[in-house]
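*Asks:* Handing you a structure now.
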Amino acid sequence: NSSDLSPSFILASIPGLEAAQSWMAIPLCSAYVLAVTGNGAVLLAVRLEPSLHSPMYFFLCMLATIDLALATATVPRILSFYWFDTREISFGACLLQMFLIHTLSAIESTVLLAMAVDRYVAICHPLRHAAILTNAATAKVGLAAMARGVLFFLPLPLLLLPLPFCGSRLLSHSFCLHQDVMNLACANTTPSVVYGLTAILLVMGLDAVLICLSYLLILKAVLRLAAWKERLKVFSTCIAHICVVLVFYVPLIGLSVVHRFGKDLAPLVHIIMGNIYILVPAVLNPIIYGVRTKQIQRRILSLIHVTDR
């Protein structure tokens, strides 16, 4: 085929299980419903519980909103493919989905960094916490996170827009990612490769380093406390956030490694890693904070008319 500036792409199916895809969609749909329900419950609980109207839980609301948006940008399209065999996705829809996935991931990374800073200030400078992290400052951080994500990742689809595509149009996942689409172009993709790597390093990479630095400073402050019980009590306030950071960064790193070094891996590995990256944080984050936060537990139980005994 001759090159086409506006091609359509073919979403990857589950190898060897094409005939059973409608059944395979059931656990995916269940995970999506669980993600929507869990994150929606967290948003409602924080809104209705006055004791949770603090920066840490406003950041948690941002996190829940991002997870809902990321899952909704991908899972309904995947389910449409699995149930109705709509494997083809237009060039414009693919670029839009790719932009949303990368931008929302960048915003989530920034919010996780803001939550780490919140924990650092609360533990290392408790008397200044209320003055530094006000509600107005929290709102500004949220707006800055959105602007940062859009500015850094808007160039990705723009760099792909003029490229010609010829030959195979088959993607490695059931949704569109920058590196996946870029690899199908039959032209020089060096600018796209360089910019994509730079954006990832300056956003997710830098955020990961700063989060680690925040926790090193927190650990240093905690170790100054004399009693072990007091150390554990203080550090336990960070456990939920540490778990959420791992839930976000481990699938992200795994997916990056699969793309970079997994060309010889079975296609199923790419599909599984992609689905883990999209859905696992959205499903686990509300569970982690629901388990660790008694106020959220009580408010959610009251919403479903169950008395917390």
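The backbone N, Cα and C atoms fix where each Cβ goes, glycine too.
Automated prediction, rather than curation, is the source of TrEMBL annotations.
Okay, these came from TrEMBL:
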- 38-289: domain 'G-protein coupled receptors family 1 profile' (DOMAIN)
- 20-45: transmembrane segment (TRANSMEM)
- 57-83: transmembrane segment (TRANSMEM)
- 89-117: transmembrane segment (TRANSMEM)
- 150-172: transmembrane segment (TRANSMEM)
- 192-218: transmembrane segment (TRANSMEM)
- 239-262: transmembrane segment (TRANSMEM)
- 268-291: transmembrane segment (TRANSMEM)
*Asks:* In the same chain, who gets a Cβ under 8 Å from the transmembrane segment (192-218) while lying at least 6 residues past its ends?
*Replies:* 102, 105-106, 109-110, 112-113, 116-117, 119-120, 123-124, 148-149, 152-153, 155-156, 159-160, 163, 178-179, 182, 185, 235, 238, 242, 245, 249, 252, 256
*Asks:* Residues sitting near the transmembrane segment (20-45): Cβ under 8 Å, six or more positions beyond its termini, same chain?
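*Replies:* Distant Cβ neighbours of the transmembrane segment (20-45) are 13-14, 52, 60-61, 64-65, 67-68, 71-72, 75-76, 78-79, 81-83, 85, 275, 279, 282-283, 285-287, 289-290, 295-296, 299-300, 303.
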